[in-house]
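Worksheet: one structure, shown below.
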Amino acid sequence: MNIAVSKPPLTIRLCGPRGFCAGVDRAIQIVVLALKAYGAPVYVRHEIVHNRYVVEGLEAKGAIFVEELHEIPAEHREQPVVFSAHGVPKSVPEDAQARNLFYLDATCPLVSKVHKQAMRHQRLGRHVVLIGHAGHPEVIGTMGQLPEGTVSLVETVEDAGVYEPVDRENLGFVTQTTLSVDDTAGVIARLQERFPAIQAPAADSICYATTNRQDAVKQAAPGCDLFIVVGAPNSSNSKRLVEVALRAGAKHSVLVQRASEIDWNEIGDIRTVGLSAGASAPEVIVDEIIEAFKARFDTTLDLAVTVEETEHFLVNRELRSIELTTDDMAFVNGNASNALPPKATAGI
């Protein structure tokens, strides 16, 4: 006689918005469209977005990822190269032109806006203070828009407290788009306290998607025994969501790339789990994690939606006449199962 074993109850607070933002969607679409328009291989400088599963899915379609342009073989110089969503220094397109490469720029339009804000400060004679994380590709790209010596990087409130500019009266700040909203507010407040004349950008540099995802996590996290963020360890916005969840009241918060990374032995007695995804994480991985919990718990989904996102960014003019198939669109939107490579080759 078979006796059914009841599963313990669990509520999953599913955040919305989560996952792909308009800039990520556009960048992935550019690579897919380039492959359809020009054929394989299409080269991509740096990971198009910080998610290995997106990268491996594009590699399966014929994309080749490189870190520098000199890695592109001479026999493939006529194939396009795509610049990642994070943006690049001015020296990169200059290098591409010198090498007679055809390039497509997939820089997020909101990152490009920060570039313009920084250049405007510099044109007006202000030394630019960039609030961001050293070594992040977006920060490297933004600093690379300006002449050497005209921009300084500040990461923390402590940095802002010891920063000493040459001219305290002619400063302007911009920020990396994927920072913690609350942390950045503290850094800005310290800079404004020390340098009352410092000029803000005309519009907030932190992007709408970063803000929206953090707001949803703040709403869902209080009282959660565990909060899971789907994202890559090199994804700035995903790591910030982990921090936001802890500050908002989650007892524990982790960053995972696949359900296979969840340590079920360490979870213990839980009743409420929060779940979100960084802006470069496909929705199909969120679904995978929900199914993993359903296999072990009697789950109830509780949606924590703060706003509906409707933003959409156009792809490059050269690609607008190319049509995507239904399968292409599923991949671009993060909903295709072929966005996920086999778990054994996930590189975790």
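Glycine is no exception: its Cβ is also placed from the backbone N, Cα and C atoms.
Positions annotated as active site, proton donor by Swiss-Prot, on the basis of sequence analysis: GLU138. If you look up Swiss-Prot, you'll see CYS21, CYS108, CYS207 marked as [4Fe-4S] cluster binding site. The dimethylallyl diphosphate binding site annotation in Swiss-Prot covers HIS50, HIS86, HIS136, SER235, SER236, ASN237, SER280. Taken from Swiss-Prot, the feature (2E)-4-hydroxy-3-methylbut-2-enyl diphosphate binding site covers HIS50, HIS86, HIS136, THR177, SER235, SER236, ASN237, SER280. The isopentenyl diphosphate binding site annotation in Swiss-Prot covers HIS50, HIS86, HIS136, SER235, SER236, ASN237, SER280 and is backed by sequence analysis.
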Worksheet item: When the Cα-Cα distance from HIS136 (dimethylallyl diphosphate binding site) is computed for each of the binding-site residues CYS21, CYS108, THR177, CYS207, which gives the smallest value?
Response: THR177
Worksheet item: Hey, how far is GLU138 (active site, proton donor) from HIS86 (dimethylallyl diphosphate binding site), Cα to Cα, in Å?
Response: 5
Worksheet item: Taking only the binding-site residues HIS50, HIS86, THR177, SER236, SER280, which one has a CA atom nearest to the CA atom of CYS207 ([4Fe-4S] cluster binding site)?
Response: THR177
Worksheet item: Which three-state DSSP class does SER236 (dimethylallyl diphosphate binding site) fall into?
Response: helix
Fill in: Pairwise CA distance, HIS86 (dimethylallyl diphosphate binding site) versus THR177 ((2E)-4-hydroxy-3-methylbut-2-enyl diphosphate binding site), rounded so that it is a whole Å
10
Worksheet entry | Cα distance (Å, whole number) from ASN237 (dimethylallyl diphosphate binding site) to CYS21 ([4Fe-4S] cluster binding site) | 11
Worksheet item: Around SER280 (dimethylallyl diphosphate binding site), how many other C-beta atoms are within 10 angstroms of its C-beta?
Response: 32
Worksheet entry | Distance, THR177 ((2E)-4-hydroxy-3-methylbut-2-enyl diphosphate binding site) to SER235 (dimethylallyl diphosphate binding site) (CA atoms, angstrom) | 12
Discussion item. I'd like the number of other C-beta atoms within 10 A of the C-beta of CYS207 ([4Fe-4S] cluster binding site), please.
Written reply: 26
Discussion item. Distance check, please: Cα of CYS108 ([4Fe-4S] cluster binding site) against Cα of THR177 ((2E)-4-hydroxy-3-methylbut-2-enyl diphosphate binding site), rounded to an integer number of angstrom.
Written reply: 10
Item to complete: Round to the nearest Å and give the CA-to-CA distance linking THR177 ((2E)-4-hydroxy-3-methylbut-2-enyl diphosphate binding site) with ASN237 (dimethylallyl diphosphate binding site).
Response: 9
Worksheet item: What are the other residues, in sequence order, whose C-beta lies within 8 angstroms of the center of the C-beta atoms of HIS50, HIS86, HIS136, SER235, SER236, ASN237, SER280 at the isopentenyl diphosphate site?
Response: VAL49, PRO137, GLU138, THR178, ALA232, ASN234, SER238, GLY278, ALA279
Discussion item. Name them in sequence order: residues not among CYS21, CYS108, CYS207 whose Cβ is within 8 Å of the mean position of the Cβ atoms defining the [4Fe-4S] cluster site.
Written reply: ALA22, GLY23, VAL24, ALA85, PRO109, LEU110, VAL111, THR177, THR178, TYR208, ALA209, THR210, ALA279
